Amino acid sequence: MDIMRSVVGMVVLLAIAFLLSVNKKSISLRTVGAALLLQIAIGGIMLYFPPGKWAVEQAALGVHKVMSYSDAGSAFIFGSLVGPKMDVLFDGAGFIFAFRVLPAIIFVTALISLLYYIGVMGLLIRILGSIFQKALNISKIESFVAVTTIFLGQNEIPAIVKPFIDRMNRNELFTAICSGMASIAGSMMIGYAGMGVPIDYLLAASLMAIPGGILFARILSPATEPSQVTFENLSFSETPPKSFIEAAASGAMTGLKIAAGVATVVMAFVAIIALINGIIGGIGGWFGFANASLESIFGYVLAPLAWIMGVDWSDANLAGSLIGQKLAINEFVAYLSFSPYLQTGGTLEVKTIAIISFALCGFANFGSIGVVVGAFSAISPKRAPEIAQLGLRALAAATLSNLMSATIAGFFIGLA
């Protein structure tokens, strides 16, 4: 029954996308079918197929090892505030977001910058981009951007496409925006992992977002024009560093900006949510609903969607609440709310944890529309009106991509 519910959930998400399509007759079954099969195949290999699961587990161990090196840098600055004694002192509640998550973002951003400098990232992106281009029958610029989102966030994507943006057709531009919103950056992945989200789920979700973003981009806005973008030399930075030290330093400074942005937004939004909950609770108290909150409203509204995706009805309220927080605020705040359920152990089923982890894994939220429109408009002012028109539809496509990955994850974990 649960397996069939997951299948129905996939069909429902595809049906929603079809209803939102701007040109239903031009939908390419070749591209859409291949993207869906590839998204399912990646999920099956990484979550169900034993050799694939083993590979993901080893990769997760590697990420944990990388995080331990990040702790060395944090300990040098903050001392015992990042050590195990904090958990003893505070009876298991010694996790401090500012000292554990934010330094990891800085470290990993610097590491990624180094890997770009020595050519590892460029080689990997070229190989994967070529595979996805041929498998999905998409343009080179679309595959290039989609694969790059594994490592870079939506803030960096505009800089990558800057040399080509004036030659990109409307569909390619839409796909680029969708890919950025549907994905997470490598540096942010470490941040989520620092809050207890299983790394193997984050790795799988990151890869599944590549075909997932293209799948829903091509349903909501089918390709109707041939690509005009041709290039030989792919550039990953507008001003590439000239030395190993410069690469590390510039990456660290970029990481600092990201960490500062994350800290500022999370601090502000957590406070705003508390204020909104106080208002809702006060008004609700007049009618006998003193415990009403923004989270409970999201939970009631989105619980049916969470259930059709495969979450048990007993947990659907929680899942719906977290999905709502992610959409209305951002994924970091949603993961922060999810974190206590990951620390307690045994309160949620493995399948539920997986579905929620995948559903929250992406930049798709209303705030991202402003980020994307502002960033893309800055590099191509003449296309600003067109970019603004694509924002809300791109958010819908990216959200559906995240929910599809979550539904597929629930399907395969239900089989295990």
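The backbone N, Cα and C atoms fix where each Cβ goes, and this holds for glycine too.
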F99 vs L390, same side of the membrane according to Swiss-Prot: no
Number of helical, extended and coil residues in the topological domain 'Cytoplasmic' (374-394), per DSSP: 20 helix, 0 strand, 1 coil
Cβ contacts the transmembrane segment (3-23)/the transmembrane segment (353-373), at least three under 8 Å, sequence gap 6 or more: no
